[in-house]
Amino acid sequence: DHGCTPDGLLLAAYARALSPGLGDVFAVPVVRWPDGTDAARPAELTALSWVSVTAEACPLLDLARRYDAVLAEDRAADARRGLTALRRSRRTGPALPVVYTSLFDLDAYPLPDGVTAADWVTSTPGVALDCVAVQEGGVLEYAWDALPDALPPDWLEDAFDRFAADLAGLSALARTPADDPGLPPARWNDTARPFPADLPVQLLVEDQARIRPAEVALRWSGGALSFAELELRANRLAWTLRDAGVGRGDVVGVSLRRGPDMVVAVLGILKAGGAYLPVLPSLPRDRAAVMLDDAAAGCLVADASCGWAATMPGVRQVGLDAVLSRPHPREATAPEPVNDVDDLAYVIFTSGSTGRPKGVGVTHRPMLNLFEWARRTFGFGPGDLGLCVTSLGFDLSVFDIFGLLGLGAGLYIADEEEQRDPRLLLRVLRTEPVTFWNSAPTTLAHLAPEFGGPADLPGGDSLRLVFLSGDYTPLWLPGRMREAFPDATLVSLGGATEATVWSNYFVVDRVDPAWRSIPYGRPIDNSRYYVLDERRRPVPVGTEGDLYIAGDCLAAGYYRQPELTAERFVTGDFPGLPGPPETRLYATGDRARHGPDGLLHFLGRRDGQVKLRGYRVELPEIEHRLRGHPGVADAVVLLRKGSGGEDRLVAYVLPDGEPPAVEDVRAHVAAALPDYMVPGVVGFVTEWPATANGKLDRDALPWPVHGPGAAPAPAPSAAPVA
């Protein structure tokens, strides 16, 4: 018992749902059945109460108890107290045309002998919105009877969603001890741990080169580099960049084929004092130009695989092949560090909803926190060998390169052929002493059909850790992974590029048949998670809300985009949060809820962002590009499931006249966006389906698509696995 009635809880949820959009203070009439037996009621009469609704932050249970006190006072009063209630309504604010009707006690009034119940109906005239709550036979039913035209535009559906979200949390409240107010306890965010934050991350790798110079740092299908050899090459590049004027905080682009040189490049850039910006050679030139310009990168480390490198005005090209082919007079020692832990380490661009990507700038400090958490929690060290299958533009590579090497572990870099071919990648897992796999779930799932494997590859016993992040992990995948690698521990991780690779984790020791997805888990060291409502107030355990991240995991912001940074990295005082005092929160745009055990459950995006092959993709960015085609009047892009369960980007196009050729549409997108953002299926529509209130009904768009664009496009030939 939490000290409140079902009526109080429902009324509190109703009030919280109504408040955004209807004003700071207003009153809600409550229609209820008067107490008493059937004999005491000469007719089906109701009684009225009034409760005030304010914009103040108030947990659901506290608000329910407050309203219960008002209702109890009114029940105890006789009819002559009606004027008192009316005076109270005037004090608590204007009454809006909304009402709450309680039919909770229907079962409390048994019918007289010989009387059969007919269908019941209730209606309150003269109101724009009536919330009716009924309990019959232990089942709660609720409905909103509304006149949409009398309410703020586009407000009704959002308000009902807020109401339903609060009610969804009531089942969790029922399992919560009565002395628990229903809010997440502060101990769930008790993650404070010391971590070394006095030196930039490149010095971690330098230390390993001094401690174990002859041990292998990098492996690939064509050879290996020791820590000492890696240090020498990185120093050679660092001094060359210093000679070219690169200094503290300067952003340097990196556009290289997969292989050991990409590690040399990013390490050398940090040694020079700069921050690296991955720009994949496969990107369209215009997209690469936007990234380099937005990041103010005056220098680009590239090789022959980057065809557009020499065509970037104002960007100096440093050919890595030429740099590494000749010694530098000072390469025996590393440049003296000019950067510190609060300087920029890298900028990684993510998809942007305006049609322009946004660069996330991350400093050394959150990287150091991440690496220390990984060492303390999972014991990474010199005995480990990671398999790098992600691209430099996917932030999992940050841990692969600086986390593993900085902790003394080695790294096998899968080349482009191995990256594309599941059989070749599995052969690496079976024949190399790999202890650590790190990828998006899709990449490991692509290997699953090969797990039976050829009999001549009996290895794989060394694999001890599998990290999966960047997207939902299919519920079937952990079982298949354990069949192939029984000694490996599967860890599901999450977070955002804005929160430095990972900021939460969950060790998957089993899969509960009741799960809809793998839980998001718990925050890592010095990271904190909050599930909040529209006013950034904590919601009860079990209730859906907006997900915010705080702590030492956070990025510096969006590089050279102060307005966007201020919008998403919110600063100020945030009283009432279940954790230490916070002054900065990152608004993820995700929806989530806390379970009663403290586990966080991810419920998806609240905007047009999706995860595809580990990459964050803003669907509006693709739509923006599609609308720039001369034959396209409008477009909607959705993520759909293919016949084999794979994710497919599907573009629905409203043509401007005759439909353009499907391949022309795809080529138009491919000219500006990465290949993983090019829709694999294009369908044409003559009009958009709409919901009852006139909004676009995305669920009504046809799938599968039939017509000239129905056949899926072939998979990109050189798409990075992520």
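Every residue gets a Cβ built from N, Cα and C, even glycine.
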219-242, 483-506, 699-722 - the one TrEMBL records as region 'Disordered': 699-722
Summary of DSSP states over the domain 'AMP-binding enzyme C-terminal' (621-695), given as helix, strand and coil counts: 19 helix, 24 strand, 32 coil
Segment-level pLDDT (mean, integer) for the domain 'AMP-dependent synthetase/ligase' (206-559): 93
